[in-house]
């Protein structure tokens with residue numbers, strides 16, 4: 001009986017799944033179904049009602065009777081568990097497919113946001129690492145600076161300790177017995193006085209020589225430990241060891257003196273090499289001044305300038321006298337430069353003095369070295385004199401600036417002189433043009449006088465027709481046209497007077513006096529030609545009367561007007577020749 005009861009129970013979930021598959025939910029109502037709670041299957045008693053009709057009635061009765069005997073809770077649990085799992089899986093799958101189909105943009109956005117977050121995290125990590133590295137470097141630098149400051153602060157304290165040490169040694173030197181005991185040198189100390197091989201190698205290298213002028217590493221170590229030196233002073237045996245070291249340092253001092261001699265020789269050679277460069281600069285400056293003097297000489301050869309320009313020329317001549325003063329100043333500059341070289345040499349000596357003082361603080365020097373130190377201190381008094389010379393140098397530099405300003409003023413004066421010359425040339429041209437205008441007016445007056453009035457001629461209108469027949473020959477007509485052209489050329493049009501461009505061109509042509517002389521000669525020739533042409537014109541304008549064929553007419557002389565007396569033709573020509581020279585205003 002148990003087997004018969006279990007069979008219908010196992011079939012019920014399969015049947016319920018088939019029913020769910022046959023009726024799929026619509027797409028639009030998917031969201032509503034997600035919101036609503038999932039429908040649970042009916043209880044076990046109603047399940048056989050949904051079964052098809054083909055099931056026989058006997059089995060239904062058996063099934064109903066069997067199910068009634070089971071508890072309701074077990075039936076619900078057995079039906080709910082597999083159904084809920086399957087339904088949840090289906091809903092998740094449908095929901096994911098729907099999101100993929102409708103929201104591809106959201107997926108892209110999500111991917112981008114994820115990538116951005118990852119990149120931001122990486123950048124933040126890198127920034128943190130860099131900040132840590134920078135902090136570490138800053139801490140190291142601060143520590144180094146602190147160490148340097150401490151060392152610098154320790155130096156004056158060490159120097160004070162050395163001074164105390166010197167005072168103690170001087171007190172010891174006052175006692176002759178102690179000095180004699182300390183100055184006795186054993187054979188080992190004499191062996192140490194000899195130059196070691198390392199010092200000989202240092203003499204060969206100039207770079208190492210300069211390094212030896214500075215404090216050696218051993219001395220720096222001694223400076224850092226003043227307390228140990230004070231302890232050494234108390235012990236006589238340790239003082240003897242220090243004396244041995246002092247003898248070694250005396251050997252080093254001798255070497256340093258040799259090195260100083262070599263350095264002086266090198267500095268002297270460098271000073272000699274620097275001198276030709278300065279001489280080249282002076283030569284260039286002198287060449288420029290010579291060019292300016294030549295330019296001034298050329299300007300003086302030109303025509304005399306007005307009174308204002310003469311005053312400017314005098315000022316320029318005064319400025320020309322200044323180059324001599326400049327040459328003297330240049331000589332002073334050279335002397336000062338030599339003194340600067342001496343200053344540098346003294347500064348080097350001061351550095352050596354400081355080096356020797358440090359050595360004195362460590363190991364008391366003998367009396368000969370003390371005398372040398374006094375001599376060097378006397379030499380230190382020279383820098384005051386050199387400071388005065390430096391003040392003179394500054395004064396000379398200021399004078400050089402003033403000279404440059406004067407040179408600029410000379411250039412401006414030259415430009416003004418050129419402008420004045422240009423204006424004078426324009427004035428001369430204007431005067432020349434006015435003279436030409438006066439000549440033209442005078443010619444027009446003469447032409448008006450030469451024209452014979454109709455009353456004086458007294459010829460009838462018939463004579464005019466005869467004059468037309470008796471035209472001048474072709475040569476005379478060509479001469480008349482040539483005269484008219486020359487008159488037109490001599491006339492000054494109004495446009496020429498108002499146009500400065502034409503005047504500027506004329507000024508360029510009239511810059512040289514030789515060209516002006518040639519132009520004056522050319523104008524004189526033109527005036528002579530004009531005189532000849534006017535005489536020819538006067539001759540051609542005299543009336544020539546010829547009677548027509550078959551007619552004889554009495555030609556009456558022209559009656560003079562009131563107050564006029566007729567003169568023969570010769571007298572009239574003489575009058576014309578007398579009136580020719582133009583009246584200059």
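Backbone N, Cα and C define each Cβ position, glycine as well.
Since we're looking at a predicted model, the values are computed, not measured.
Per Swiss-Prot, the feature compositional bias 'Polar residues' maps to 1-15.
According to Swiss-Prot, the compositional bias 'Basic and acidic residues' annotation covers 92-115 (among others).
The annotation compositional bias 'Low complexity' is assigned in Swiss-Prot to 179-261 (among others).
Under the heading repeat '8', Swiss-Prot lists 223-232.
The feature compositional bias 'Basic and acidic residues' is assigned by Swiss-Prot to 262-271 (among others).
As annotated by Swiss-Prot, compositional bias 'Basic and acidic residues' applies to 292-304 (among others).
Feature annotation from Swiss-Prot assigns compositional bias 'Basic and acidic residues' to 314-328 (among others).
For 353-362, the entry in Swiss-Prot reads repeat '21'. On the 0 to 100 pLDDT scale, the model's mean across the repeat '21' (353-362) is 74.
Annotation source Swiss-Prot lists repeat '23' at 373-382.
Per Swiss-Prot, compositional bias 'Basic and acidic residues' is recorded for 384-393 (among others).
Sorting each residue of the compositional bias 'Basic and acidic residues' (415-424) by its DSSP state yields 10 helix, 0 strand, 0 coil. Sequence annotations record features per position, and here Swiss-Prot assigns compositional bias 'Basic and acidic residues' to 415-424 (among others).
Under the heading compositional bias 'Basic and acidic residues', Swiss-Prot lists 431-444 (among others).
According to Swiss-Prot, the feature compositional bias 'Low complexity' maps to 445-462 (among others).
Annotation comment: Swiss-Prot describes 479-488 (among others) as compositional bias 'Basic and acidic residues'.
The feature compositional bias 'Basic and acidic residues' is assigned by Swiss-Prot to 501-535 (among others).
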Report summary line: The correct DSSP tally for the compositional bias 'Basic and acidic residues' (431-444) reads 14 helix, 0 strand, 0 coil
